[in-house]
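J.: My structure is below; once you've seen it, I'll send some questions.
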Amino acid sequence: MVLGKPQTDPTLEWFLSHCHIHKYPSKSTLIHQGEKAETLYYIVKGSVAVLIKDEEGKEMILSYLNQGDFIGELGLFEEGQERSAWVRAKTACEVAEISYKKFRQLIQVNPDILMRLSAQMARRLQVTSEKVGNLAFLDVTGRIAQTLLNLAKQPDAMTHPDGMQIKITRQEIGQIVGCSRETVGRILKMLEDQNLISAHGKTIVVYGTR
């Protein structure tokens, strides 16, 4: 083994060789809610936001997905499904795309791909259960604090001498926890006063999270 040489993943490379690779700029839309679901996506590079909108166009962020995550898997298991959410590029992204029909053919050859997808779905169900619990049992301060801790574990969080540094707007935090931007601002100030975080514009340092 050559030192410093990254390890390859033969199964992943084989899967990607059957996909079409597309690049999306930051803030562009990959999936529109309501459109027919026919394609499975896999994030090669970058991160995306999964969100829903109400009739007035108000957005709520359901989750962030990152490199190595599948997108749009629900339609794989039931024909004629429509997309249940919007997916928007959080950063510039490189995404592999494959039709459900072709993916079903691939898993007949190599079931490991389906096992990877199933494992991700199980983890997401666990995260969703935790989020529902937070909505039911935590007040808005607790939900914001939990959100900051979760974001500090994301791949795009940066190490900082005092903890982990994240970049997110107050509006985006409000879209995750379900409150106004003004409420987020007040709670961030309170968390700062308690010496739990520092917040300057979009940059937030969550102390003690390294």
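Backbone N, Cα and C define each Cβ position, glycine as well.
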J.: According to Swiss-Prot, one residue among K36, K101, K131 carries the annotation N6-acetyllysine; which one is it?
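T.: The N6-acetyllysine feature in Swiss-Prot corresponds to K101.
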J.: In Swiss-Prot, which of 4-13, 154-163 is tagged region 'Activating region 1 (AR1)'?
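T.: Checked against Swiss-Prot: region 'Activating region 1 (AR1)' maps to 154-163.
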J.: Any idea which of 124-130, 180-186 is down as DNA-binding region in Swiss-Prot?
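T.: From Swiss-Prot, the annotated DNA-binding region range turns out to be 180-186.
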J.: Using DSSP reduced to three states, classify E97 (site 'Activating region 2 (AR2)') as helix, strand or coil.
T.: strand
J.: Residue list, the DNA-binding region (180-186) vs rest of chain: Cβ under 8 Å, 6 or more residues beyond ends.
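T.: Same-chain residues near the DNA-binding region (180-186) but 6 or more away: 140, 144, 169-171, 173-174.
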